[in-house]
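If you check TrEMBL, you get these features:
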COILED    411-445  coiled coil
COMPBIAS  238-247  compositional bias 'Basic and acidic residues'
COMPBIAS  331-343  compositional bias 'Acidic residues'
COMPBIAS  351-374  compositional bias 'Acidic residues'
COMPBIAS  388-399  compositional bias 'Basic and acidic residues'
DOMAIN    240-275  domain 'EF-hand'
DOMAIN    461-562  domain 'MRH'
REGION    208-227  region 'Disordered'
REGION    238-282  region 'Disordered'
REGION    315-374  region 'Disordered'
REGION    388-409  region 'Disordered'
């Protein structure tokens, strides 16, 4: 019979050649013929015990003996499927439920073959779509062969999947086109920015040179002006210090005899070095460097230099005006407290005029924009403070509180020229920094692996969300992953872009995000993103399989790498670009 079929198939092939049919039709007919031959061979020559797969059939061919598949023993062939377990590995009972570890093979012709535990054989439940597991008992009449229907439905499902994957493949081609164009655009922008920066660097260097040239005579003129002012103030300080020394000597010389003795220091507790409340003779002599009768000339010299920081003038009380007795403290409410009482701030060495100047600056602070980021705010504050210090320098106070005289016209002109040079340098420096930042931003984008053909480029700078019962999860490819409670609350970082984590043969199937927010008493959070082909970019699920370790499922056309012919099944993985 098999040979007759072969003869008929050969005749058909010859007839087709004569009619010059297409190669595809010829191949199809040959395959159908071969399948028919195989079917005949399998049907006519292969007899297998129930529950044995075609793969394991050779082990059951002997007509008299059967050797357990684990080689442990040999039994009569008649003992196979006799509903008694003889082999330790259960291989003698593939078609009954006698052995606990047995496996029954469902042929399921027209659908998918599979193994089921032998314990399910003849249990009244249809496990095999061809009903081969229920050959006696109630299941024998209840179960029917519906493998062809299941196979047809599965084929339709797979065909629909193929259609969607083919559409995803077409989208991927568009992604590749976009990615290549974007890469070329960035490379061109980078080239232009680098050229612009080279020119800007040269301009900055030139402006810096001009600034230094302008600042040199400015500094000399300002230093000369300040030196004259400092010399005048030094003379005033020296005169003031000498005057204070004379006043201190006159106060300490209680008997007005032109000499200070140790006993005349007794009322000045600031000289009580051991803190016992009294100025002893030894402590007084130490102040007077051992001289019992100290003249003014010696006091104003080395003595005053040593004690002027300690010396405190005693309050002067006349017999006619006794010291006032302090009034008992009154109960003062917070609202009645004086401004002096409430002033708890520390203004350092600012005097009243300095405070007024800084108050003016505080008024100007009101124009600060609340939307400024931290860097911009600090830059604005630094300029603000520099302006204040500049005003303070110009308004330097002398010994009598007078301001340093204004610069002469020549110096003012030098300052004006230097200020202009500094402003031009500042603008040139800003341009260089802006160009540098733009270059770094583009380089950062280009350093990301967007696939061998840039097919993942459209995902860059995008974010996708998925919401379950408790959280909304966010995936920003090549940036970060996060979650936030549905009920409201702050966002928690689950990881920052790390690298592609897929196996060598499918590297771009998994993304790894690491260094997320630290778990309390645990590791840093991390996320593994598993990608698969899909018609649109979509975050389809999120879970936490282990503590602080998250797993996202993401669909994207970027991973639709093949296109299948629905009719022939031919696969095309060729990227047009």
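Each residue, glycine too, has its Cβ placed from N, Cα and C.
Looking only at the domain 'MRH' (461-562), the predicted model's pLDDT averages out at 95. DSSP labels the residues of the domain 'MRH' (461-562) in these numbers: 9 helix, 57 strand, 36 coil. Beyond the coiled coil (411-445), the same-chain residues lying 6 or more positions past its ends with a Cβ under 8 Å from any Cβ of the stretch are 186, 189-190, 193-194, 196-197, 200-201, 203-204, 206-208, 210-211, 213-215, 217-218, 221-222, 225, 460. Each residue of the region 'Disordered' (208-227) gets a DSSP state, and the totals for helix, strand and coil are 20 helix, 0 strand, 0 coil. Residues in the region 'Disordered' (238-282) partition by DSSP class (helix H, G, I; strand E, B; coil) as 24 helix, 2 strand, 19 coil.
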